[in-house]
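What TrEMBL records for this protein:
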TRANSMEM  12-33  transmembrane segment
TRANSMEM  66-85  transmembrane segment
TRANSMEM  92-110  transmembrane segment
TRANSMEM  167-191  transmembrane segment
TRANSMEM  203-221  transmembrane segment
TRANSMEM  264-295  transmembrane segment
Amino acid sequence: MGFGGGGHGHSNLKYVVIAFLAPLPSIVFYLSFLNHINNSDTSGSESESDPLSLAHLWTWCYHHPLLLANVLFFLNVNVLFWVISHIQNSHWMIDLFWTVIPLMLVHYYATHPLGHYNWWRSRVAMLMTWVWSLRLSHNYFRRENWQWGAREDWRFTDMSRQYGKHWWWVSFFAVYASQQVFLIGICLPLYVVHSVDKPLNNWDFVAIIVCMCGVVIAYYADSQLHEFVTRNNKLKELGKPVVPNLDKGLWNYSRHPNYFGEQLWWWGLVIFAWNLGHGWAFVGALINSMCLAYVTKLVEERMLKQDYRAEAYRLYQKTTSVWIPWFRSSKIGGKDKST
């Protein structure tokens, strides 16, 4: 694991300040844009007192909400976060903001002057995104022992070793530009929700049920995983043998129920977009699912490299579904438990 800093107190406060200041350029710019629109006519045309170049900028921002979201993401996340990460020597911040950016996007799409939508559908999407974000943020900080900037994702650490002296520029694409594709992509249904004004129908309720089932499954799966890791750490401290594999609760039916829950959430949002006549918005969820399939492969390879759990995990792979929860098979004769 790559560690991003020293002692707890001052270091923690420093990372908190950085995390809160980092997105401010985009927020300030967008609020300035809204302020200009509110003080001018509804078409976003310039007032005579504006410098010509700035007036053209505001007009462009008015007519291109999705492009503006991408430009702000590129400059504020891809460029600024990348620079900050090299100053800190850690890419911890992108993990934290994965839980926050969809929330920022749903509010952005809802408040953009070109937004055109059903009020109830918008509020439901917004409320659910808050629930999803709080759930994931809680899991992130619980996993990091309530520390800010304690460590970066282990995959980034592995990649930094793999690319060596080239990592400084490879990280721009591998860590940041790729996240723009994922995050803007999976949030496309939230853009659609705020682009079409159509009365609520039964498919909206199907979408809500799928989304909330995803959040609940992910919450319980991550909580069970956290309890398992905590229990094993205590056993380790006591010098007792650890349990090699988690196969209780939801993990009895799926090897990655937390991933399954997360996928349900994003595909639930796709149902909203499809119902509004924009099925193409599934592309982001599809890319994300394909990426998660690759991440699943990496995680399982990592599990098999750990001697104390390799044998139990191989058995677990043979008897338990990868993502979609299902009853365990008894291929290995009888009810052989891997714990």
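Each Cβ is built from the backbone N, Cα and C atoms, and glycine gets one as well.
These figures come from a predicted structure and were not determined experimentally.
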Note: vs the transmembrane segment (203-221), the recorded stretch with the largest number of Cβ pairs under 8 Å from 12-33, 66-85, 92-110, 167-191, 264-295 is 264-295
For the transmembrane segment (92-110), which recorded stretch in the set 12-33, 66-85, 167-191, 264-295 gives the largest number of Cβ pairs separated by under 8 Å? 167-191
